Amino acid sequence: MQRSSICPASIDGVKTRQTRDNHGKALRMTSSSLLPAARGPALHAGPARCVLDARAQLGEGALWSPRRQALWWVDILSHRLFSWRPSDGEALCWQFDEEVSAVAERRDGTGLMLALRRGMAHFDPEAPGTQPVYLHQPAGEPAGNRFNDGRCDRHGRFWAGSMDFDAREPTGHLYCYDEAGRCDRLLLGLRVTNGPAWSLDGRRMYVNDTVGRHVLACEVDPVSGPRVPLRPWLSFGAGDGHPDGMTVDAQGRLWIAHWGGGCVSAHDPDTGEELDRIAVPASQVTHCAFGGEDLRTLYITTARVGLDEVALHAEPLAGGLFAVSMNVAGLPAHAFGAPA
């Protein structure tokens, strides 16, 4: 494992596109070509700024660390874990031997939980020359699958979804791993899974069916867990891109990154109505997370994979890490391990 430094950059940029929702009980359809832009006061206070011109092939997995006062994130296809500290611009990179797609800190302070190609792993970023160590590799995952997005819930369990590497076969499921080593599978049958995220009270779980352009949701029992099946809660039109990573703010609003849509959108947790949108100067927006000392900065990851020379000329900051000053605060990320 190699650790290196990378140089930050800063630029303001603007790109537009997104949706406003019509709310239905089970399914909310959107179309940016037919519906007006979101109204009301903006929840963001400024444009998306590129704070790190990382040129990631597939940036993902943004997570704010209160201990380090830095942002963790990954480049899945380049097998890299990043840390970026806004106070002094320190940018660090750890090179792995395989795909890394999601990050969570451990409650006991002993490093990180990671989603790797085949499952869940432990990694100590302070131990020089080490590679992540697998803790669990779920049985039955097809050889053509890899793990994708993930995060911890309020109970300290690490959730991570799998997907077909080429996003063609509906072989992706959602897994829940706890510190006792138990791993449960939630059958989904999706080509690409993203999320999950939870409502403020923890009684609703959201998962993105990225290829299908749906945000799925189900109720969560505090004892028995998710009440499947997940059903479409919010859906986007073809012109809106695909819902990718997401997060929830301190008021319960759902913030969704749009792959192919060049933006992050905010939605009412009860109605699904679009409340705000943030234009990003990169079309392939992958993930978002609140961070900063007061959790009033939204960090956004992007990707450059699949973009040809013409597209890269039009969006040279694709694959960069972006930051947006916000008028709303986020929530601290949950750590792995049962709360005390």
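Cβ from N, Cα, C; glycine included.
Per TrEMBL, region 'Disordered' is recorded for 1-23.
Feature annotation from TrEMBL assigns compositional bias 'Basic and acidic residues' to 14-23.
What TrEMBL records for Glu60, Asn194, Asp244 is divalent metal cation binding site. Cβ environment of Asp244 (divalent metal cation binding site): Asp149, Asn194, Asn208, Thr210, Ile256, Ala257, His258, Trp259, Val285, Thr286, His287 lie under 8 Å away, each six or more residues apart in the same chain.
Annotation comment: TrEMBL describes Asp244 as active site, proton donor/acceptor. In the three-state DSSP scheme, Asp244 (divalent metal cation binding site) is classed as strand.
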Report the residues of the chain - excluding Glu60, Asn194, Asp244 - with C-beta within 8 Å of the mean position of the site's C-beta atoms, for the recorded divalent metal cation site, in sequence order.
-> Asn148, Asp149, Gly195, Asn208, Thr210, Gly245, Met246, Ala257, Trp259, Thr286, His287
Neighbourhood of Glu60 (divalent metal cation binding site), C-beta criterion under 8 angstroms, separation at least six | Trp73, Val74, Asp75, Ile76, Ser101, Ala102, Asn148, Asp149, Gly245, Thr286, His287, Thr301, Ala303
